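The active site, proton donor/acceptor annotation in TrEMBL covers GLU498, GLU507. The feature S-adenosyl-L-methionine binding site is assigned by TrEMBL to TYR386, LYS395, TYR396, GLU455, ASP482, MET483. Feature annotation from TrEMBL assigns compositional bias 'Gly residues' to 297-317. Residues or ranges marked as domain 'PRMT5 TIM barrel' by TrEMBL: 37-339. What TrEMBL lists as domain 'PRMT5 arginine-N-methyltransferase' is 358-527. Residues annotated as domain 'PRMT5 oligomerisation' in TrEMBL: 531-705. Look at TrEMBL and you will find 296-333 tagged as region 'Disordered'.
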Amino acid sequence: MPLARRTDLGDSAYAGLEVDVCGDLQRCLADTLAGGLDFLVAPLAHPRHRRPSAAAASSRDPSAPAPAPFARSDLLLNSAQWSSQVVGKTSPWIDADSPSAPYRADSEAALRQELGWAAHLSLHAVLLPPPRLGAANYARIVCQFLGALSHTALWVRVPLVDPAVEAAEAAAATMDSDDAGGSEAFVRLRRPDPESLASAVDACTRRRVHDPFEAWAGLRAACEGHPQLGVCLHVGASLPGDDELARWIGEPVRAIVVAEDAFTTNKRGFPVLPKRHQTFLASMLRRNVQVVLRATGGDGEGVSGGEGVSGASGSGGPREPTPAEAAARTEGRDGWSSTRRRWEYLVYLFRKIPNATEQELVEAGYRDYLQAPLQPLMDNLESATYETFEKDASKYACYEEAVLACLRDRVGDADAAAGKETVLMVVGAGRGPLVRASLAASKRCGRKLRVYAVEKNPNAVITLQSLVEAEGWQNVSVISGDMRAADPPEKADVLVSELLGSFGDNELSPECLDGAQRFLKADGVSIPQAYTSYLAPVTCAKLWNDAKAYGDLAHMETPYVVKLHRCSLISDPAEVFTFEHPNRVDVVDNSRYAKLRWRRNPGSHAATMHGFAGYFDAKLYEGPAGNVHCSIYPPTHTMGATGEPMFSWFPIYFPLRYPVHIPAGCDVEAHMWRCVGPSKVWYEWSVTAPDVGPIHNVNGRSYWVGL
């Protein structure tokens, strides 16, 4: 049964229970499902199984009885149960990169055997042990199985805080209390320093030894970011800093295991999570991450293990208690087991997450979905596309305010009373929303307008002509044709356009307005007056994998419009290109180049860069009567009347052909070019720090916008 009857949080509504010992799988699964959870995370190997060493296996007496099978029979459950209700986990002792050759060989054999069994069962996922830094042999085995698995995903358990650092923090806290009266110098001498431990760097790899993210990033890089390889975060008593938590948003986190020690007890004796744990868990649940509750004790005590229970369970020996039996033994004053109480608390947290707004529900289908930018000069937009844009009232409210301020500045009260008319030209009028906004501004300030609506799409021209007749726009004239070649009967005082793309200039607003400004008066005003693009390095494993899935170079060199969701900015956006209108220079050149450097805090942590997120901020109008901006740049994002962000434009994503590891404390340097040819405009981009990468989209070979 899902955490709550909600459809707006996807797979996050489904939760599981992790046990380390499960003697009777059928009853354990049945009680897990009866308790309200949706799947069981259980060991692949049977608890009675003891793997013989390689030497013992080779010297075994052939006449001796065959050893018991290492796993349970696949007949215990049907195929639907195996594939949807069970997540297997490999043996915790496995260390495929152990310095001991015999131990390493046994670990490799066990890992291969258990993964092979999981593939046979068609499990939904397998939980793998945490990797160590530079775990090449472990990565090799995982790679081999990723290539062979068709349906089973591999979840790598990664603790949010390295166990050694967590132990050092606990030891430091204990020493502070136990040695309060002792010698401070002596206490410091024998106390492990958590900060020094956490910042220790491997001289060869330049990676922090005790940062679990570094080990995960190395494993993922070795597996080339395979889409079936995901993360299962282990949440314990302590959490790292907010910046360290934020970097996981862009990683392929599939589940979060909440351990027993992550909980504290409130005044009434019930388990609760600290505030930071609650915030982080809610953030991940909003991003389609499933939660797994770790059974009391971790070793099955109180849920599916611990004290033996008389009776047979396949082997004839003592079996482990089921969740119901364990709960019955550990009942407290209110009749709930410790595990059940923690489960009810997680359900409560899930239900506390605010319901999605109507706008969020509309945007949900576009989250982390790659869309090619529009080609407005080459293609004519469809009616449905116009309709989508017109739903964003906040954008047109901004334009109305900009026209209002402009009219007040250009026409004084005396001239307005005398009936002075202002000639306003809307270029790229579409189906008329900017015309309507301009007329509304004229009515509000009492300034007369004479409007020309210029539109190249013949289908939209029909709509404009119908509006002129239906709404009585007697002062509006429709001109059909490309704004760069149109011939209006007079020049305009105000030129209004909405030709901006997600990166500001990526839909050829500079080229269009440069061509249209020839029919703007010498003292005329353009709305917008200027716009600036911004770029930020971003972690977004899903977007990168989706682009890579096409299997060609072109899709790795194409910018995409995306509603960013499972993404994390590595640094704040930096300014890239600025265009101003009208452009009065003698020789117009809209090509641009920018060298960008994002200076990160020396204490910042490692991250993986999958590309860049692009934004824009447009100055629609600035003058004595008012300053109006329209923006998707995060610090100045335009908000609507209801407090929700403007949604006409999603950010733009520039992918990298190869993910780049950003070491802790290292800056990022990149270069961006806007290239203009006789018939097309395109972008080129490259990374030069911390490592030098290839130049993307050379000569517009993969992506360009036609003039």
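Placement of Cβ uses the backbone N, Cα and C atoms for every residue, glycine included.
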Query - Between ASP482 (S-adenosyl-L-methionine binding site) and GLU507 (active site, proton donor/acceptor): CA-CA distance (Å) - result: 15
**Report entry** Those residues of the chain, 6+ apart, with a Cβ under 8 Å from that of LYS395 (S-adenosyl-L-methionine binding site)
**Finding:** PHE389, GLU498, CYS630, THR638, MET646, SER648
Requested in this report: Just report the maximum Cα pair distance in Å for the recorded S-adenosyl-L-methionine binders TYR386, LYS395, TYR396, GLU455, ASP482, MET483, no decimals.
Outcome: 24
**Report entry** Cβ neighbours within the same chain of GLU455 (S-adenosyl-L-methionine binding site) - under 8 Å, at least six residues apart
**Finding:** GLY428, ALA429, GLY430, VAL461, LEU464, VAL478, ILE479, SER480
Requested in this report: List the residues of the same chain that sit at least 6 positions away from MET483 (S-adenosyl-L-methionine binding site) in sequence and have their Cβ under 8 Å from its Cβ, in sequence order, or write 'none'.
Outcome: VAL427, GLY428, VAL454, LYS456, CYS512, GLY515, ALA516
Query raised in the report: What same-chain residues, at least 6 away in sequence, bring their CB to under 8 Å of the CB of TYR396 (S-adenosyl-L-methionine binding site)?
Result: GLU390, PRO433, LEU434, ARG436, ALA437
Requested in this report: Using Cβ-Cβ distances, find the residues under 8 Å from ASP482 (S-adenosyl-L-methionine binding site) that belong to the same chain and are at least 6 apart in sequence, listing them in sequence order.
Outcome: LEU377, LYS456
